[in-house]
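Sequence annotations record features per position, and here Swiss-Prot assigns active site, proton donor to Glu205. Annotation source Swiss-Prot lists active site, proton acceptor at Lys337, citing sequence analysis. Positions annotated as (2R)-2-phosphoglycerate binding site by Swiss-Prot, on the basis of sequence analysis: Gln163, Lys337, Arg366, Ser367, Lys388. Marked as Mg(2+) binding site by Swiss-Prot: Asp242, Glu285, Asp312.
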Amino acid sequence: MAVIESVYARQILDSRGNPTVEVYLETEDGAQGKGLVPSGASTGEAEAWERRDGDKSVYGGKGVLNAVKAVNEVIAPKVIGMDAADQRALDDLMIELDGTPNKGKLGANAILGVSLAALYASAESAGLPLYRYIGGTNGHILPVPNMNIMNGGAHADFATDIQEYMISPYGFDTYSEALRAGVEVYHTLKNVLKKEGLNTGLGDEGGFAPKMKSNEDSLKYIMDAISAAGYEPGKQIGICLDVASSEFYNKETGKYRFDGEERDSAYMLDYYENLINEYPIVSIEDPFNEEGWEDWAAITARLGDRLQFVGDDLLVTNPARLQKAIDLGAANSLLVKLNQIGSVTETLDAIELATANGYTSMVSHRSGETPDTTISDLAVAKNTRQIKTGAPARGERVAKYNRLLEIEEELGSTAQYAGYTAFKACKKYLAK
């Protein structure tokens with residue numbers, strides 16, 4: 001047993017300079033674990049509650065000292081003496097201590113910090129790297145890195161309506177080759193934008209964030225960059241979008257403010273279909289608002305046999321919402337964010353439910369990140385075959401990509417790159 005001996009939380013800063021929670025946990029056998037909690041900019045309304053202090057005179061109200069206090073004074077006394085390796089029992093206890101449906105008492109940032117710290121301590125106690133501890137010998141497939149090279153939406157002061165334009169280098173034999181291709185396209189894109197006289201400042205996730213005349217202009221520049229870097233769009237590198245449509249959806253009118261006009265759901269569906277006919281798009285995240293279940297079901301029925309539709313705000317890594325989507329035929333892919341649901345156990349449950357029902361899973365960072373690399377290990381451990389963690393720039397993003405390089409090296413000849421197999425719905429563009 002990895003008996004928990006001590007738990008301690010502190011307030012630290014994330015990649016946007018906002019406070020977040022760090023939890024340090026030690027077991028009686030000397031194993032140590034640290035849990036660093038990320039934070040999102042565009043968040044789903046159904047996400048687990050992130051506890052903030054609300055004192056506008058300190059960090060603009062974004063302090064997390066109350067979440068830290070919840071760990072040190074409420075959670076720690078209850079979990080000391082428990083087996084850190086019994087992840088479900090530990091997480092269930094914290095959820096019970098909270099006693100609300102959305103972790104609205106203690107805060108998901110408090111609970112997740114302890115959950116992650118226990119996970120790391122247990123892996124160290126077992127003498128295993130995290131991906132091996134979680135996934136056993138089955139964890140050997142390196143994910144396709146969906147790299148956010150142009151930022152918009154809430155990540156870049158709405159330079160474009162669409163929040164993320166990602167490249168997906170799936171047409172390569174190894175992860176390291178794919179990463180290299182993505183990096184080369186990223187740097188080439190900077191030159192393409194400069195030649196057009198466009199700003200090359202960066203958004204929250206390291207992608208370029210120039211103000212565009214239309215959402216489609218970004219796609220054209222990315223296509224130019226892929227070709228200029230010496231790669232073939234569609235065959236080697238595809239495009240993924242995170243529309244984050246809830247951010248520009250008007251609940252009162254039921255319409256989307258898109259490209260400067262009010263658009264209804266029928267228009268948006270046709271727009272997406274036209275886009276995928278024109279560009280090698282393999283994945284669209286949050287094409288409709290987070291409660292637009294009928295629209296989600298409609299687009300999945302119409303285009304789901306040729307495209308991946310990823311539920312982020314729709315599903316919030318919540319097994320209950322995922323089950324509703326399965327029942328309705330809404331979406332065909334789950335975005336996985338640990339802090340959306342607030343515990344390791346519930347995150348693993350969501351991935352397993354998705355897999356059992358034919359949904360793909362894409363493990364994801366948040367816009368407010370830390371140097372933590374849990375999501376890299378998680379993607380390999382659960383064979384999700386996809387990860388998104390920003391542009392190949394900014395240390396908190398690159399740390400995740402570098403961790404995958406380490407894992408690839410550790411796995412040696414047993415390492416496999418997911419490549420085309422990551423996007424099983426996208427038969428139009430991808431090799432058989």
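Keep in mind that glycine also has a Cβ here, set from the backbone N, Cα and C atoms.
Location within the structure of each feature annotated in Swiss-Prot.
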residue : record                               : Cβ neighbours (10 Å)
Gln163  : (2R)-2-phosphoglycerate binding site : 32
Glu205  : active site, proton donor            : 31
Asp242  : Mg(2+) binding site                  : 27
Glu285  : Mg(2+) binding site                  : 28
Asp312  : Mg(2+) binding site                  : 29
Lys337  : active site, proton acceptor         : 24
Arg366  : (2R)-2-phosphoglycerate binding site : 27
Ser367  : (2R)-2-phosphoglycerate binding site : 25
Lys388  : (2R)-2-phosphoglycerate binding site : 28
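Put simply, of the binding-site residues Gln163, Glu285, Ser367, the one whose Cα is nearest the Cα of Glu205 (active site, proton donor) is Ser367. Within 10 Å of Asp312 (Mg(2+) binding site), judged by CA to CA distance, lie the following recorded positions from the set Lys337, Ser367, Lys388: Lys337. With respect to their backbone Cα atoms, Asp242 (Mg(2+) binding site) and Gln163 ((2R)-2-phosphoglycerate binding site) stand 6 Å from each other.
On a Cα basis, the residue listed as 'active site, proton acceptor' lies 8 Å away from Arg366 ((2R)-2-phosphoglycerate binding site).
Apart from Asp242, Glu285, Asp312, the Mg(2+) site neighbourhood in this chain, defined by C-beta within 8 angstroms of the site C-beta centre, holds Gln163, Glu164, Leu241, Val243, Ala244, Ile284, Asp286, Val310, Asp313, Leu335. Of the residues the record lists as binding (2R)-2-phosphoglycerate, namely Gln163, Lys337, Arg366, Ser367, Lys388, the two whose Cα atoms sit farthest apart are 17 Å from each other. DSSP gives the residue listed as 'active site, proton acceptor' a coil state; it is part of no helix or strand.
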